[in-house]
Structures are given as C-alpha cells and as structure tokens.
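> Here it is, the structure in full.
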Amino acid sequence: MGLFQEAQEMEKHSKSSLSVMNGKIMAIAFFEPSTRTRLSFETAMLRLGGRVIDMGSVEASSLAKGENLADTIRMLDSYADLIVMRHELEGAARFAAEIADAPVINAGDGAQNHPTQAMLDAYTMWREFGRIDGLSIGFMGDLRYARVINSLVQVLSLFDVKLHLISPPSLRPRAELLDFMRGRGMRFEMHDQLEEAVEGLDVLYVVRIQKERFPDPMEYERVRGSFRLTMESLRGARDSLIILHPLPRVDEVDFAVDQTRHARYFKQAALGVPLRMALIKLVLGGAE
Ligand code: CP
C-alpha cells in the first residue's frame, strides 16, 4: 500500500488505538523548538500501540555537559527502534542515519529539508482534490529559508503541477532549488505580489518569514511584514481555492482568513497524525 492510501486508512484510527507497534520504542531528539511535528509523531506512535522516549531540551540532556551529537545518537540508537530528529544544522539527520542502525526520520534540518511536512502537505492536497496532477499551486512568503519549500518542491516534482513563486526578490528560492526545478522540467513562474497569480490558483501555500534563519538581522527587518494574507488579497480567488500553511503562523495570515471556506491549515496539521502513523508503519513494518 502506498503512503497516501495507508494514511487514509490510518485516519480511521487517529482517535483510537492499534497494537501494530506493540513493543516498539521511538526516540524523539529535537534540538529545535516544535509543537506539531514532535507531538504528531508522538501521538502517531502512541496510537499505533508503541512507546515514546523524548530526549527533552538540549539543556535537560548531557549535551549541556558537552556531549557530542554522535555519542548522543549512539545512545538513542541503543535504546530505541526508531529515531525522529530535528536539528538546526543542515545534514544533521543524514549524519545521524550514518551512525545509527535504527532508522532515522528527518523532522527538519536547518534551512535544508522538512520531508515529513512535505509528505503531509502533498497528502492534504490529494485528500482535498483527489489528485495532485494538474493543480496550480502558489507558494507565498519566505521561499529562501523555509525548509519545507525545498522538500515540497521535491515531492511535487513527481507530479504534473504548475508552481507560482510569490515573494519579495530577496526571499526567492535559492539557486539550487531553481536549478532543481529547471532540471526536472517543472513549470513555474515568479511573482512579486499575490494579486498577479491568485485568480488561477487551486492551492495557496503560505510560509512565515523564518526570522531565526536570517544571517543578518537587518535583512530580516527589511522584509518583516512584507507579505500578509488578508480578505482583501483573496479577492478574485476561486471558490475552490484552499490555503495551506505548515504553521506556526506569526502575522502572515490574518485571523479573519481562518473563517473562510479556503482555510485548511488546521485540518492540514491534524492530518499529521495519520500521515505519520502511516510513515512509521512503512518504516518499521508491521501489519494489523
Ligand atoms: N510545521 C512544523 O514543523 O511545525 P512545528 O515547528 O510546530 O513542528
């Protein structure tokens, strides 16, 4: 069964319990803040009947005493069947995967990747439209530092979609990502303003400006608040437009938008549990 079909099956169990992961332990190692990814992974494992150990904050672990990342991973590997890791350094999850025998799932590494979020986003589109092929998808906001954009573009490169990249010039995707898109023959246009693209969109995917990843605070100050989705900016949108956002939201989506027929970001976040249940099953194996 494919990931999306398995996730749809898991939706039936996302408020009940299975026993498919009985006896299995998942270690959570998050070196950066998280609400949704950490808690949806934990919920997913618990719903599957497994158990979770959480390294806690860096300050609460022996990292605070100077222990290195490799030794920390070796320890988690000896305790758990699966490691879910978020780290501020690009490539950290890959490094951990080279050390550990247990599978390592990347829950976000620096500005590089957030693959399980991208799987969730694509799954949400598939659940909403019954397909991904043929969709016109706008990305709006910080397309330079938002790691999920890298991952979601990679997922969407498997489908026939048209992308609209909406951002201030300084927050356009990095050259490597644009090269990737050209290399894959992906169709895309760049826009400075949402108004240029909103009428044709099936999906509008908004990302916050990633303050913590700007190398220069002055650069952040120049773009802060430059994109804000309001009722006014949605004028001309199709009735069927859906708005996604990986969350957390800061100030880039007006609260009034939450009440529109377009808003799907809270549903999207909720689907993180069945999607990650499916992913854990696919990674660790196991039948009901
Ligand atoms: N979407 C996402 O990664 O949210 P958290 O940072 O809360 O995990």
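Backbone N, Cα and C define each Cβ position, glycine as well.
Just so you know, TrEMBL annotations are computer predictions that nobody has curated.
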> Going by the carbamoyl phosphate site in TrEMBL, where Arg36, Thr37, His114, Gln117, Leu247, Pro248 are listed, which of the candidates Arg74, Arg86, Arg172, Arg213 is also part of it?
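Among the candidates, TrEMBL records only Arg86 at this carbamoyl phosphate site.
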> Filter the binding-site residues His114, Gln117, Pro248 down to the ones within 10 angstroms of Arg208 (L-aspartate binding site), Cα to Cα, kept in sequence order.
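If one measures from the Cα of Arg208 (L-aspartate binding site), the binding-site residues that come within 10 Å are Pro248.
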> If one measures from the C-alpha of Gln117 (carbamoyl phosphate binding site) to the C-alpha of Lys65 (L-aspartate binding site), what distance in angstrom results, rounded to a whole number?
32
> Please list residues from the chain of Pro248 (carbamoyl phosphate binding site) whose Cβ is under 8 angstroms from its Cβ, counting only those at least six apart in sequence.
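In sequence order, Thr35, Arg36, Arg208 meet the Cβ cut-off.
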